[in-house]
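These notes concern the structure reproduced below.
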Amino acid sequence: MMNSERLANVALAGLSLAPLVVNVDPNLNVVLTACLTVYVGCYRSVKPTPPSETMSNEHAMRFPLVGSAMLLSLFFLFKFLSKDLVNAVLTCYFFVLGIAAFSATLLPAIKRFLPTKWNEDLILWHFPYFRSLEVEFTRSQIVAAIPGTIFCVWYAKQKHWLANNVLGLAFSIQGIEMLSLGSFKTGAILLAGLFVYDIFWVFFTPVMVSVAKSFDAPIKLLFPTADLKRPFSMLGLGDIVIPGIFVALALRFDVSRGKEPQYFKSAFLGYAVGVISTIIVMNWFQAAQPALLYIVPAVIGFLAVHCIWNGDVKPLLEFDESKTQSSEEVAAKESKKVE
């Protein structure tokens, strides 16, 4: 783990706990938390082996449509069914997901203190009565699941904003770490589609805001305010994860070329500017804003200008993670050349 990544982890943990003891400006909290989460997720996404599965252009085109269908489904569920019943079912669902996400987020830190055998030896477990279903895991993952389970039990019982935020951050970090766009073309298609999606559902319908307020699950981060009428400011996880996987792709592009992170810096700066712009406009108009309206043009714009300035448009557009070689393959080829 790099020093900068370690510092970002510590800062993110401290920022999450700070509102418990001191008054933290919610606007500043939103900006810093979003940026630190993206930073941590991006560096965790850099791995020796390229991703086995990446998003295709077709998937990117369909994503806003699938998202719209899910959003409408949730809207009608909350409209025609008991809100408590819907949220009870969702709590059970996110309880299981939360254990997996929180455990996976803690795992790299926990593995450093456990024997190598615990980290590498796989245990194969078959489901009773369904022998064809099997799960692989290590002892380290079992150890990581213990605090994950305890934390999720606390969340399910108390629904405290801190528990919500920690699980939300775990989901965000894991999303940025695990999801791969494959190429910048696919990323541009996805961001453009969700740019329109966010504008439509926030500005032209009450659906997005209604679901966000009714949905009692860690799909949004809550930032305490001093306003009794509006005790929390909210930021949806999609406003972190979706642009975050694009910024992470820029970092892996830099790494694949064996250069210092330059396009990552421009994309990350664009993200920070986009989040700040969202906060400014939201406070100016005192109304909910589609964050991707400001984040998407900033991220793509900053990266595009930097890329054009350096004359790297062609290699950036040709970059495809599914065709990149792992570090082991590169080392093997180099050793053959030496022989």
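Cβ atoms here come from the backbone N, Cα and C positions, even for glycine.
What TrEMBL records for this protein:
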TRANSMEM  60-78  transmembrane segment
TRANSMEM  85-110  transmembrane segment
TRANSMEM  137-156  transmembrane segment
TRANSMEM  188-212  transmembrane segment
TRANSMEM  232-251  transmembrane segment
TRANSMEM  263-285  transmembrane segment
TRANSMEM  291-309  transmembrane segment
### Query
Any residues 6+ beyond the ends of the transmembrane segment (137-156) with a Cβ under 8 Å from its own?
91, 95, 98-100, 102-104, 106-107, 110-111, 114, 117-123, 125, 163-164, 166-167, 218
### Task
May I ask for the residues of the chain that lie six or more residues beyond the transmembrane segment (188-212) and have a Cβ under 8 Å from a Cβ within it?
55, 57, 60-61, 63-64, 67-68, 71-72, 74-75, 78, 181, 220, 234, 236, 238, 242-243, 246, 288-293, 296-297, 299-300
